[in-house]
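K.L.:
Look at Swiss-Prot and you will find 7-198 tagged as domain 'Glutamine amidotransferase type-1'. Marked as active site, nucleophile by Swiss-Prot on the basis of sequence analysis: C84. According to Swiss-Prot, the active site annotation covers H172, E174, on the basis of sequence analysis. Positions annotated as domain 'GMPS ATP-PPase' by Swiss-Prot: 199-388. Summarising the annotation, Swiss-Prot assigns ATP binding site to S226, G227, G228, V229, D230, S231, S232.
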Amino acid sequence: MSQQRDLIVVVDFGGQYSHLIARRVREAQVYCEIWPFTAPVQRYREAGVKGIIFSGGPASVEQADAPRIDPAIYELGIPILGICYGMQLMALQLGGEVRRGQQGEYGRATLRLADAEHPLLRGLGRESLVWMSHFDSVTRVPSGFRVLGATENTAVAVMGDDARRLYGVQFHPEVVHTAQGREILRNFLFNIAGCRGDWTTESFITRQVEEIRRQVGSGRVLCALSGGVDSSVAAVLVHKAVGDQLTCIFVDHGLMRKGEPEQVVRTFRDHFHIHLVHVDASERFLSKLRGVTDPEQKRKIIGNEFIRLFEDEARKLGQIDFLVQGTVYPDVIESGTETARVIKSHHNVGGLPEDMRFQLIEPFRQLFKDEVRAVGRALGVPEEIVGRHPFPGPGLGVRVLGEVTPEKLEILREADRIFVEEIRKAGLYDELWQAFTVLPDVRSVGVMGDERTYAYPVVLRAVTSEDAMTADFYRLPWDLLERIASRIVNEVPHVNRVVYDVTSKPPGTIEWE
């Protein structure tokens, strides 16, 4: 049995950077989870939490409806680091004073340390650039605390109570704009909380193989294989754990990209030698989607049909007990927690029928996408799969806006093939989180030759991201955009216009539906 790993908990107060804090902790090879602020204090004790980080948040601590945590958390003896709102809440709940400032402090500021040798601040020097984003400020620290650092406009930028191991920083150490932010977080993890740094790809694989074997026993397992990164790596990991007890089912739902079904079958049958059942269910899915335009309804239909189909295949195979899914942490977070509204139902999370007959195996439920890729590389999954851009479970069904038809799918496949081909030629594919095309449910007037046309526009979408929780649109070179647009309107029938989506996330999502 493997040793229990260290656990750091990020308490989510609705801050936009909560997931980023968790990523920074994991980058230091310490396991981290995001919990809602409403989690009972007893849960921390039972989980053996090594350290707690309070996230920032959009509220003012003085608001009546501002998120609060049970003050009993300070009596657990577990080290706590409060960030921005988290520091203000800590100060207020422990008897300090927080006031609305005359002016906010946003952007870079110079932090001046009162104690550069303090375990939390070791290695920073006397001054360091930090990133501020606040209006409220701590004006008096609680009893037992001392001021460890200040900026020109913030008298209490760092505070600490060494006896109780309670600390707060008014700035955001998790963002890249704070020059030595990662050092501060590492100091908290290792100098204050005493973490070992035992969260590695290899330790994850070892632990998951043990857990999967224990969960499955002598049972039989089905894997929902799409050919994407998550399901592919999940299949290889589960196969490592249970071998021939695993059967992979690859469903061609008619919503795949060009040439994708053939590539998936070749890769997993020939390269991995995994038992693979290939089901061509395109007619079944497209008939169910006929006339459906609402994106949420499309996602639910596709999710339901997947499970029903697996149940059909399970009956053919005999007794099947478990279903593997490549659900990742952002899927779980985006599908709703107590501090975040549901943005959209994720195919791997919210689209499952209530009467599902399988027990789920979700080995990557607590991993970010880059961590899944690292697991894949360690397991020997080919780079052409590990390095692939994320593809939604419902496939092109949520990239064809409105009703999904065979004609629209063919248009989108050809446009997408050209776009990705040109992105690869330009050497940009690996720089991007995703690059894909969208077919809106509208037509526009155009002129081709001497004739008026009334055809579809195609939307190009290319974004950079670390984990899909936030994303920036990519500034593609103009000459590349021009070449892509020219090829699409000339080579793809029924398209007369190409547009480029320059929306980041937030306010938009990466996918259009």
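Glycine is treated like the rest: Cβ placed from N, Cα and C.
These numbers come from a predicted model, not from an experiment.
Walk me through the surroundings of each of these features.
P.N.:
Annotation note: C84 (active site, nucleophile) sits in a coil segment as assigned by DSSP.
The Cβ of H172 (active site) lies under 8 Å from the Cβ of Y17, G56, I83, C84, V130, W131, M132, S133, T178, G181, each on the same chain and at least six residues away in sequence.
Long-range Cβ contacts of E174 (active site) within its own chain (separation 6+, distance under 8 Å): Y17, L20, I21, R24, I83, G181, L185.
Reduced to three states, the DSSP call for V229 (ATP binding site) is helix. Cβ environment of V229 (ATP binding site): G326, K369, V372, R373, G376, I385, V386, R388, P390 lie under 8 Å away, each six or more residues apart in the same chain.
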K.L.:
What mean pLDDT score does the domain 'GMPS ATP-PPase' (199-388) have in the model?
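P.N.:
Here the predicted model's pLDDT, averaged over the domain 'GMPS ATP-PPase' (199-388), is 84.
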K.L.:
What is the number of other Cβ atoms found within 10 Å of the Cβ of G228 (ATP binding site)?
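P.N.:
Around the Cβ of G228 (ATP binding site), 20 other Cβ atoms lie within 10 Å.
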K.L.:
Under 8 Å between C-beta atoms and at least six apart in sequence, can you list the same-chain neighbours of D230 (ATP binding site), or say none if there are none?
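P.N.:
Listed in sequence order, they are G326, T327, V328, F364, K369, V372, P390.
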K.L.:
Among the binding-site residues S226, S231, S232, which residue has the largest number of other Cβ atoms within 10 Å of its own Cβ?
P.N.:
S232
K.L.:
Same chain only, sequence gap of 6 or more: which residues have a CB within under 8 Å of the CB of G227 (ATP binding site)?
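P.N.:
Looking at Cβ-Cβ distances below 8 Å from G227 (ATP binding site), excluding near sequence neighbours, one finds F250, M256, E260, P261, Q263, V264, T267, I385.
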